[in-house]
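Q: Quick one: the structure is below, questions incoming.
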Amino acid sequence: NAVIGRYKLSVQSTSSGSSSPATLGTFVLLFNPWSSGDDVFMPNKAELEEYVLEEFGIIFAGNKNHINSFGWNFGQFQGDILNICLSMLDRSLNYRQDPATDVSHRNDPKYLGRVLSAMVNANDDKGVVLGNWSGNYEGGKSPSSWTGSGEILQNWKKSGFEPVRYGQCWVFAAVLTTVLRCLGIPTRTITNFSSAHDADGNLRVDEFYDASGNHLDRAADSIWNFHVWNESWFSRSDLGPSYSGWQVLDATPQEESGGIYRCGPASRNAIKEGDVDLDYDCPFVFAEVNADCMYWNYDPATGKKTLIFSQSTVIGQFISTKAVGRDDRVDVTNYYKYEEGSTKERKIFKKARKKLGLEDKFDPTAPTQQESDQKPDISGKFKVAGPLEVGKDLSLILVLANLQSDAKTVRVNMTAWSTVYTRRPVHEIWKDSISVTLSPKEEKQFPIKIPYVEYQQQLTTDNTIQITALCHVEGGIQVLVQRDITLDNPAIDIQVLGEAKVNKEVDVEVVFTNPIDMEMMDCVLQVEGNGLLRGILEINVPPLKASEKSSTKFKLIPFETGPKHLLVNFSCDKFADIKTFKMVNV
């Protein structure tokens, strides 16, 4: 339970009555997850290999219908990283306000996790990474272009500790993983799909749509396609043994906690049991995986809001992390909540509402509300009818079904917008409206095609499009049909030509084919990998004509043995940040 950090070491030698101390130098003391007395003790050897010693990770993204992933170089044991992590502690608000007290708490992983969750974002304290969710990343690097934490932490130090531009949730989470693993706290990244950002603490998220079906960016609440946070492993002497183990920390600046943008540590067990009154920030994390959704029609002219429908099973799906010792996805949803729709799950939700003093407030899922007495006359969904790839036309089918035994007339207003992964609308891509008559119990299909040339200019680096159909049923209630689409980038291929041996040159080839019938300009290849090359290799690739294949070769001189990961990021004016990685056995 000693305080971590840099210590001076000196030796006192006494001869003939006079003593003189001789300085031997300094050493750094870290948390020790191998030691059974330590707060961060982790008994499982394979988990220690993954959550403390492993410098490569996989982060999951996309959306609940379409999970994708990319590699990340945590690099917690490289070069100057330990020094930078220690200087982070000395730049925190806590240290600036009261250095002696701050240092005296540095034996406590709860304390350090909370302090570092604030320091990784730039808000409040000129921390490491500046967030930007606008879709416009001028004046910095786009969040999706990073491939590792090392460059970010080095840039922060080099600039005299000016915040690095720009990050989004996975960047904050990945940097926090690097820092905590570096200090000896077992840590992993967690991705939550359909993640709620409940700004007003009522365990529900409100979304607003106008009569044309446009998703209005007017609520503080939002439902992100995915959100990435951290879990760190340590005991909770403040709460008791049943709340020890994995703790949620979130460095993305979403809401203030005690006046500062930080979040956690929230015990994962407390989240599952609905114990939202326990430290720290449990209500926010509970809402991220459990909030109910309310979809409203909003008339900007009159300010009138009408509830379209509510859902209680949409939020918090496919909660994912990298497997121990393998490059696979592991689903950890059942550690965050009981099965969706089960009586136990609703019981926990009620318990959380009660603890937050919400039980006498409007409960969107209670069936007694007069709003939900009127049932919709029709149902609808969007089906995918073609490849979801950047560079290809987007083909969908709107399926509408009449649930009643009399004919229905429906006016359908459809829109498609490019969004960032938080589902914030950025550019309108397409709109259309149709009038439909559905005979009793009839189902009709309406094909929709959005050509590549129409969405190409509007797409953000997240490759996400939200398509919405607001159906006005004559004499009935409105029905909202929507789908979030994540388009895949084309594939890129890495080949290591020959055997990789320490201190011997080996050739690597990166192959990419232009899949569109337009020229690709400004092509840049970025390569990094611990033990394989120092720093980041940047290669300018000549423009690629339509359907042309490019092959880029470069040499590596590996300097460490064992399994290493080579990470590649390819960008051009038509495609942002095509990523892949390759395991290289040196």
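Backbone N, Cα and C define each Cβ position, glycine as well.
From TrEMBL, for reference:
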- 161-253: domain 'Transglutaminase-like' (DOMAIN)
- C169: active site (ACT_SITE)
- H227: active site (ACT_SITE)
- D250: active site (ACT_SITE)
- N290, D292, E340, E345: Ca(2+) binding site (BINDING)
- 360-379: region 'Disordered' (REGION)
Q: Out of D292, E340, E345, which of these binding-site residues is nearest D250 (active site) by C-alpha distance?
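A: If we rank D292, E340, E345 by Cα distance to D250 (active site), first place goes to D292.
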Q: Counting every protein chain present, what is the number of Cβ atoms, excluding its own, within 10 Å of the Cβ of C169 (active site)?
A: 28
Q: I need the CA-to-CA distance for E345 (Ca(2+) binding site) versus H227 (active site), whole Å please.
A: 22
Q: Rank the recorded positions D250, E340, E345 by how many other Cβ atoms lie within 10 Å of each Cβ and give me the one with the fewest.
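A: Each of the recorded positions D250, E340, E345 was scored by Cβ atoms within 10 Å; lowest is E340.
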Q: Limited to the domain 'Transglutaminase-like' (161-253), I'd like the whole-number average of pLDDT.
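A: Result for the domain 'Transglutaminase-like' (161-253): average pLDDT 95.
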Q: Whole-number Å only: compute the distance from the Cα of H227 (active site) to the Cα of C169 (active site).
A: 6
Q: Relative to the Cβ position of H227 (active site), how many further Cβ atoms are located within 10 Å?
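A: Result for H227 (active site): 28 other Cβ atoms within 10 Å.
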Q: Taking the center of the Cβ atoms of N290, D292, E340, E345 at the recorded Ca(2+) site, which other residues in this chain have a Cβ no more than 8 Å from that point?
A: V289, S312, T313, I315, G316, K337, G341, R346, F349
Q: Where DSSP helix means H, G or I and strand means E or B, what are the helix, strand and coil counts for the domain 'Transglutaminase-like' (161-253)?
A: 17 helix, 41 strand, 35 coil
